[in-house]
Each structure stands twice: as C-alpha cells, then as structure tokens.
Amino acid sequence: MAFSGALTITDLDDFLTPSQACIIPVRNNKKPAEDEGPTEIHIDSNNNYYEVSTYPSVGHDDDIGNSKKALEKAEINLNDCLACSGCITSTESLLITMQSQNEILEFIKTNPTVVDPESPCHKPRLPILSISPQTLASLSAAYATASSRPPIPLLVLLRRIRAFLSQPEKGSWRVWDTTFARHMSLRESVVEFHERKDKKEKGKAAEMPMLASACPGWVCYAEKAQGDMLPLLSAARSSQGIIGALAKSWYGHKLQHKPDEIYHVTAMPCYDKKLEASRSDFYSSLYSTRDVDCVLTTGELDLLLQELGFDPHVPIANESTPSYSATEDSPFPELLTHEGSSSGSYLQTIIHDVQRSHPNPTRIITREIRGSTDNIEYLIQDTITGQIVFKGAKVYGFRNLQNLVRKVAKETGIGRSGRGAGAGKLSAAVAARRRKAKTAAPAATSATTSAEGTDVESIASLSLVSGEDKKLDFVEVMACPGGCVNGGGQMKPTVPTPSAPEAMEVDEEGYQRPLPDDGVAVAVNGGSNNVGTGTVAGMEEGMRWSTKEWVAKVEDIYWTGLPTPPASPPLTASNVNGFAPQVKTNGTTNGQVNNGVDRNLQSDQLAEEIIHEVCGDDASKRWDFMRTRFRKVESDVLSSGGVTHEAVKW
C-alpha cells in the first residue's frame, strides 16, 4: 500500500510496521452514577466482559453476580483515526484495507440481482461503479505492456468494462466515469474563486490564495499539520465527492431508490481516496450510508476484473461510437475533456475564466521553479497595460508542497508566529534577489532590442520582476509527484525479475516490487535503470514504485484522442528566465464541439438542471450538495505538551 508522501511524513511513528494497537487510549465519556460502589471485571467462558458490583444486594448476601452488567467492546473506526493526529501508517492503513476487491466480490455473492418474492424485505441494492479517467489510463497502459498491443482508448476500455460488469452473473453494475462530476467540481471552484476575489476587491478579509482541495493526501496533511491554512482550501467537493452525491441523491431519486438501496463504488488512482470517502460530510445519518460505500484503487480494480474473468481485448458492439448526450448506460456525458493537467485541470480552468472575464487581451507566462515540472508558476499579463492580473501555480509532490506552505505563510502571515531566527535572513535574501532583478531587467532589455524576437523575451523578463511581487491567487496542489497519474494505487511498471526469488518484494495487491522503495528509477544517458539492484543510477526521490518513463506513458494515454494540454515550456534562448509567453485572446479555448454539439456547454446545462432538481432554490442545500468542510485536528500527542509537528527536531 502506498499513501501519498504528505500523509506519512507528518507522523512520528512513520517507521513502525502496521499494528492494530492504537497509541491513543479509548476515552469513556460515560459518567459513573453517584451511588455506584466498587466493582470488578469478570470474564466468562465465552470471553465476554462484565462489570460486577462487589456490594451484595439485599436478599442476596452470597450472590454478587446478580448486579453484573455486560460491557461494550471498545472499537476504533476510520472516523476516529481521521479525527486523531496520533498516527496514520499504523492504524489507518489497516482499517482502509477493509475496502478492497474482496468486499466487492462478497457483495456480488450476497446481493440478489432480482427481488425475491419470498423475501420482500430483502430488496437488492443497485450497484454503481464510477471509474476515474486516471484509472482507465493506467489500466490501458498495463494491458498494452502485458500484451504488446497498442493501448486501448479510454472510451473503448470504459465501455468494455461496462459491458462485462453489467452481466447479471457479474453483479449487474451500472458503470460510469467521473469526468462529469469533475466538470461540476471545476464549475464550483470557479464560483468559489469569484466569491473570494469579490470579497478581496471590496476590502473585506478574503481567504487568498485559494488552494485546490481535490487531493485527499494534501487535505489530510493540512488538517493535521497545517491547520491554520484550512481557510485557504477550496470548499468545492472533489470529483469523487460529487459523483457520490449524484449517485445517492440525484440518480437514486430518479429511480425511486433510497440512498441506502444503492451500493456505490469508485475506482481511484490513490489509497488516500478511501480516507476521503470516510469523511463525515459524505455520510447520511438519516439513511446510515455514505455517498461512496467502497473505494478501490486501480490495482484493486484490476484484481477484481481478473477474478471475474475480464478480457480487456474482447471487442463489443459500438464501442468506439461517440455519444453526445446522456444514454441509458450513463446518465452523464462520457469522458469529458478538461484542458490543463491530468490531475483535474483546476488551475487551467481558473486561468481560462480569468482570461475570458478580463476586458483586454492577455498572455500566459509560465516558469518552472528550480527546473521542476512539478512546480510551475503561471502569470496572466494584460498585453496592453503590461499589468499582471493573475498569478497561479501547479505544485505537485510533498517537497514542493512544503515550499508552498512556507511561501503562502510568508505572503499571508498565516502560521508565522513561530518563525525561527533564520526566517529574517531568508526574507532579506529574497528581497536582495528582487532588487538585483529589477536593476538588471532594463539592461537586459536594451541589450537585446535589436535581436529578432527579443521584444517577447524582454516582456517575459520584465514580467518575471513584476511577478515576483505579485501574490498567489490560486494553487493546484497534489501530494504525489507527477500528480494523479502517479498515484500510489495505480498500476506499476513491469520490470526484470531478479534471479533470486526471495529478492522480490510483493505488496498487498500481489504485485512484485523490485524497485527501491524510496525513489524512482531514471535512466542515465540512455542507459538501463539497473532495476532490481540495490542502487539505481539517477534515482529521484519521491516517485515511489514507479519510473518517469512509466508515468509519461500513462500521461500520454490519458490524453489519447483528446485535446492535448499545453506542453511544459523548454528552457531555450527564446524562453528567458524559464518563462514561456503564450498569447491568448478572450475566446473559449477548451470547448469540445463534436458534430455541432458543444459537450461542455451541454454539461453546463445538465449540471444546472441537476442542482435545481436536488436543491431547488435552497442555498443551504446547494452548499451541502456541492461543497465540504475541513477541520483542524488538535494533536493528542504532540500539542498536549506544547510541541508542534514543525518544532520536532530529528
């Protein structure tokens, strides 16, 4: 099992092997009665525990067992763990393994496909499987590698899985993808961004920059270690949160099914999504059910399909025929494309909205921070006035995430009460670098004015200076390096088998894991990765159990047959200081028009209809349907002694 780095890095018992022993004692909030006397604990032959009074009752001088009371067994569930900062690898990792392909197989066995007339009380639950596009891309890459065939297009693979699982003997599943839910999440993110921006422009206290919250690993880290930054997190539900609400609240109502009469499963690229599904905001106390009953990782879905006998290369009728509206198989448009990143395109959606709403033409300028494609800044510049109207960033991986936390704390003042002595020196160094850039920029401009194309370079160089002073407006944050396509639950690359069988590691899903467990194999100068050896040349920390080549392959398949996102800018002479100017107008850039049908516009209309059907004009219902809340976790271990995670010295 592979949690994101943001989850495991914050805990003191990070190197302990998984254990069922929780380090936090179970609290008993029940107050003893005032007239209670001394008691003893008795254990019977069946290992049941009883509390027995040592005072004999009237008329029972020799019988002290008449007042015994059965004791309830103390239990710790996933909700308790999410509200505790004591550990994460030792308890939650065991509890979330209960959500696996074995649970789905058991459900298929016990859930009748038709109503039993002799058992009218036992109504079968309607099974729904929602698959993320990152999962489909990873499965396609794995199937192509195993069979030496071309990758299966995502739409074709989705429909083959749907046709297979819809068979009665396989469970009669409804199989969807999650891109329409992502579309609704992106729309809500734009609405929330405007709300915050309007508050800021009116001079009110606004929680800026807005930080994307679709990554549960980042959210869990923020709640447990960076609680002061929670107001900055976007309240918009992730695609999983919204598809869960759609399945239980909207689709179930259309079919006259109560929420507890639907069994909803999602297939996601990471284990952390299991934690997200267990949050209290996604639980209905009225029906005692969650929006998502079980979360499978990509690897677990693959194991499930294997056990059921799925052959991904068996074609079905009309598998490649595009659909432009909701069908009987899927009530939502299939596999919507959102230009930007394979991790949800949250930043790109905000950028497009800013460009459309700005009165003048704009250009996008990008810069890789320290040459990393996982840490890129985006500036939107007014081409007429030269003003920087927006500054955003894409931040993937825990190392970059920590730098982001420090940067945001510096810009906003959040969580800076405990600044160390070195903070002032760092600020002075940053200020000196900015002064140097400002004085050097005019010289660079005048020295290159005669060269062809240097007007663009000069603008980019000057924009770098003004961009340094501009504060962040929005950040797309993901805990995994490479984003969601490199999630811990994705399919893993095939590697050479070592000669000694005992040298091969096997993870919980049964996959062989010969790669070093704390790095990514990177070929050097075209050489081999030396997989299976004790060391790997050019190993990059963070991309656990994967390689850059494999992640790039999954990324490529993700966009196969879809509009390709803008490539990361190369560091060339025409790309001064790592900036790549891209001139854009205010026209729509990410619309999908097929046979005269704008799929995104069509999806916008469907989203509005669904929200109105579920919420009506009730703003409170709409908020609960589309958004969520975050809660700062007060540490039972560290904070009780006045020590924070950041103050711990290793």
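Even glycines carry a Cβ here, placed using N, Cα and C.
Quick caveat, the model's predicted, so the values are computed rather than measured.
Take the [4Fe-4S] cluster 2 site that Swiss-Prot assigns to Cys270, Cys480, Cys484: the candidate from Cys215, Cys615 listed for it is Cys215. Look at Cys270 ([4Fe-4S] cluster 2 binding site): DSSP puts it in coil. Least packed by the Cβ count within 10 Å, out of the binding-site residues Cys215, Cys484, is Cys484.
Cβ neighbours within 10 Å of Cys480 ([4Fe-4S] cluster 2 binding site), excluding its own Cβ and spanning all shown chains: 32.
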